[in-house]
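Some notes on the structure that comes next.
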Amino acid sequence: MIDPRLPLTDIHRHLDGNIRAQTILDLGQQFNLNLPANELDTLRPHVQITKTEPDLVSFLQKLDWGVAVLGSLDACRRVAYENVEDAAHAGLHYAELRFSPFYMAMKHQLPITGVVEAVIDGIASGCRDFNIDIRLIGILSRTFGEQACLQELDSLLAHREGITALDLAGDELGFPGSLFRRHFNRARDAGLRITVHAGEAAGPESIWQAIRELGAERIGHGVKAVEDRKLMDYLAEHKIGIESCLTSNIQTSTVVSLATHPLATFLRHGIVASINTDDPAVQGIEIAHEYLVAAPAAGLTPHEIRQAQANGLEMAFISEQEKQALRDKVFPIS
């Protein structure tokens, strides 16, 4: 269930993993690209998960058509705006949208800084039109290597006022967090908050690395934390939140089934964990599905689902005053 008295949040939601199939079709035609299909129904299997993928990298390949059609900065602005519209229509009161400017720029060699500007502009327009609070998290795409990530970081820091936090995502096994220490040192020095994808494809050592070497305040996915009791204790004691993405973890074969997902274990251990989507358009789900279908299937009680909902706001990269303003907006006390 979703408690209507609490703000509904999604703090692990990829902007470049939530490009509508119709938009892919529209932009593909606009830029005269050879798409795998020219009709919406036949395009969907190429851009949306239809079966469990064998691993994370295979899952991520489903995102490629979404960014392949970004032939201009206006296209980037459009998908950013549509992401805000989708979040509002999903019933969210607050979301943190993360994006990799290098990944979005790569196919058509767009200026990376221009992509950051376009995304910030599209988000700002969407927030005005749809009355929702959205913050942006910049992603360093580890898959493209250290130099590409430096370019991303430079572009994100050039627009520091529009970026709330920094994330590291991509091929966790091939590109460990230790390669990106200097990137995250710079980000922290600039005042960015830190979240890191870890413990999804790699083991608990990747989570320790994210915390100790990159300064992670939150962990994306983090399912492998359950394999290390000391790590579980540390996460609970230091209130390092886990951004859980239930359906995604099944689709990437990170977890065998919802029944074996560790989210309930995290909550019962006192870890601040929340419920999120990940890549809604690619997954074919929205936040309501995660609360109403996935969370009960993962063994969460109604009380634990409510706790996870409250945790989403507690974990948010905004001030306590902003959190209280959201609470008051959703459930004003006369």
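Including glycine, each Cβ sits where the backbone N, Cα and C put it.
A quick note: this is a predicted structure, and the numbers were derived from the prediction, not measured.
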Which of Asp278, Asp328 shares the Zn(2+) site with His12, His14, His197 per Swiss-Prot?
Asp278
Suppose the substrate site is His14, Asp16, Gly170, Asp279. Which further residues of the same chain have a Cβ inside 8 angstroms of that site's Cβ centroid?
Leu15, Gly17, Leu60, Leu63, Arg98, Phe99, Ser100, Tyr103, Ile139, Ala169, Asp278
Is Glu200 (active site, proton donor) helix, strand or coil when read with DSSP?
coil
Round to the nearest Å and give the CA-to-CA distance linking His221 (site 'Important for catalytic activity') with Glu200 (active site, proton donor).
6
Out of His12, His14, His197, Glu200, point to the one nearest Asp279 (substrate binding site) in space (Cα versus Cα); all of them are recorded positions in the record.
His14
